[in-house]
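Notes follow once the structure below has been shown.
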């Protein structure tokens, strides 16, 4: 694997292979000494143009547990905020000998631009770009689903027949996009639910069902419900009237949660708005996978960095 | 006695073969020419002779953005593309919203000598959309402005648009509208549709263009004014304009070469060379625009030549500037889009790239047929010179062309402006020579 830019272009065997490597990494996490020497001498740069402490520390932990040297480059307070271009930043990292760049950027496509521009030789991992993709989040979600469903027998398996409902701001969600591609590649059925204003205008080419009625979606008893974070600023752009109405119609409140059987997983990529898109009881229930998702995130990111950076660069 | 040129055996737009004698700034004779001793012979065999092309929509960037283009380099690009006149958009710095700025642009154009530079005046002060610019002063200036546009921005305030349409009737002016509803396109990055949803780029919906055009044709009808619509990009806009014309509303419309050839699929790689406003649209839109140009619903092709420095395009998509250079490639792109596809002939090309834009812009001395006695503004085009479009074909200061590396079916061979060559045998004539010829031509005109 040369770069990890999107889940759109992951083939099923490739995706399952990555999840299997993540299983190996998870096994390492259960040992007393959590560190592997695999990436000793390699340098991984966390290039974050957007604040995201959670994602950054997850990648940092992953790289460190593989013994890579980690440099955190936050665009805030650096030359980037003074107008330095992505090109100059990339060439600076190149000159410093970065082997891998984990990039979080507010512009959709920025990781692809970085990977294909010729400015840098490093392997590029997309840690979230604009409203495009967040592939490691989808991989950790798939990993979490697979583990809950199949436990120790997960290796080599996809998510065939698994039914997942993703609820919320699909239009602006890179998590939703990456999950639609990856989960369906792995054989799952995906339904997207939210207000029509927060759906892309044309989803005819998406391998997912679109609905506006959360109760109807829950009546079909899905294997997992993934609640997306609602950004407060959406209210001001007339996407929906206010947070109370949103929570009433599209929130996983106590009444909706109580209707779910204990086998239905409740997922959230975090950080959660408790009381808005998800009630506290649902978030803290045994059905909730929120904390597992965080732990699995490190394993999945270890797997991604391992596949990108170990061995000869440039092989596919 | 100035140098005269004899173009032998060229093909006229109507398909006839003829010699063309260019003498003393005029087309002296068209037909079989035998008495042209001393004339420099240009072999026109296999070449199409067209009236000099006229671009109603060019960004020359001077004053203010000379790192992108100047009047000199922009008119050099025009000459290389077969253009003999360009209408210079008003979004310079300072904005062309006073008589002083438009007169300066016109005089820079005259001094350079590569093409007639006809300034467009801003509709509103500083393109701010708040108060009318001094439209009358610009119209009565030596720059003789007849086309007014806030291009880059839409005159979105309906009252201001109504007043502008009414006011320019006093001097036979026209408002050229950049049709883009601003609230519907906040942060817009590409055509809104299936692909924008997939790429996570904020959509620029077709309705944001169509709703403004619909409003404006109704306003033009109400006040009995002339409206021109810039860079029409959607099938729906074509339908609105077709309806307006059928109703007798005095509206004209343009389409760019890139909207006739390229589609939004090119955005998928996030390469900012393909970022332009209005954005590249769907295949269905391209087909509708071609058909509309062929049936006359769309009157002209205009380049929207928009030069940008390298750094403005070497970035992530969101941060990149909108726009493409288009003068040098326009004729070959039109050839590929509507001639090779059998929709239009060369006489139609002469209409949409020369005659009609000169008429809409009320520009004298351009756009006439190639007949004896008319001003010597003409272009020779080789329609069988298919080749990869490369940097050598670009003559302006900027290289943000979406066609680099793409095979285009033909090439401009020569351009004559005011009777002298600005581009000959596929090579730009030197700046000092062209400036000298331009000065001589002015003396002749005044002597």
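First residue shown is number 1, and so on along the chain.
The backbone N, Cα and C atoms fix where each Cβ goes, glycine too.
Same-chain residues at least 6 positions away in sequence with a Cβ under 8 Å from that of residue B:304 (active site) are, in sequence order, B:57, B:58, B:59, B:230, B:231, B:256, B:258, B:276, B:323, B:324, B:326. What TrEMBL lists as active site is B:304.
DSSP classifies residue B:151 (Zn(2+) 1 binding site) as coil under the three-state reduction. Residues or ranges marked as Zn(2+) 1 binding site by TrEMBL: B:57, B:59, B:151, B:304.
What TrEMBL lists as substrate binding site is B:59, B:60, B:61, B:91, B:277, B:308. Secondary structure at residue B:60 (substrate binding site), taken from DSSP and collapsed to helix, strand or coil, is coil. Around residue B:60 (substrate binding site), taking its Cβ as the centre, 31 other Cβ atoms fall within 10 Å, counting all chains.
According to TrEMBL, the Zn(2+) 2 binding site annotation covers B:151, B:178, B:231. Residue B:178 (Zn(2+) 2 binding site) falls outside any helix or strand according to DSSP and counts as coil. Residue B:178 (Zn(2+) 2 binding site) is surrounded by 25 other CB atoms, counting those within 10 A of its CB over all protein chains shown.
What TrEMBL records for B:48-235 is domain 'Dihydroorotase catalytic'.
Residue pairs drawn from B:59, B:60, B:61, B:91, B:277, B:308, the listed substrate binders, are separated by up to 17 Å at the Cα level. If you take the Cα of residue B:61 (substrate binding site) and the Cα of residue B:178 (Zn(2+) 2 binding site), they are about 18 angstrom apart, rounded to a whole number.
Per-residue pLDDT, averaged along the domain 'Dihydroorotase catalytic' (B:48-235), amounts to 98 for this model. Highlighted in sequence order, B:57, B:89, B:149, B:152, B:176, B:177, B:179, B:180, B:230, B:278, B:304 have their Cβ within 8 Å of the centre of the Cβ atoms of B:151, B:178, B:231, the residues recorded for Zn(2+) 2, and are not part of that set. Measuring Cα to Cα from residue B:178 (Zn(2+) 2 binding site), the binding-site residues that fall within 10 Å are B:151, out of B:60, B:91, B:151, B:308. Nearest in space to residue B:151 (Zn(2+) 1 binding site), taking C-alpha to C-alpha distance over the binding-site residues B:60, B:91, B:277, B:308, is B:91.
Same-chain residues that are not part of B:57, B:59, B:151, B:304 yet have a Cβ within 8 Å of the Cβ center of the Zn(2+) 1 site turn out to be B:58, B:89, B:152, B:230, B:231, B:302, B:303, B:305, B:306.
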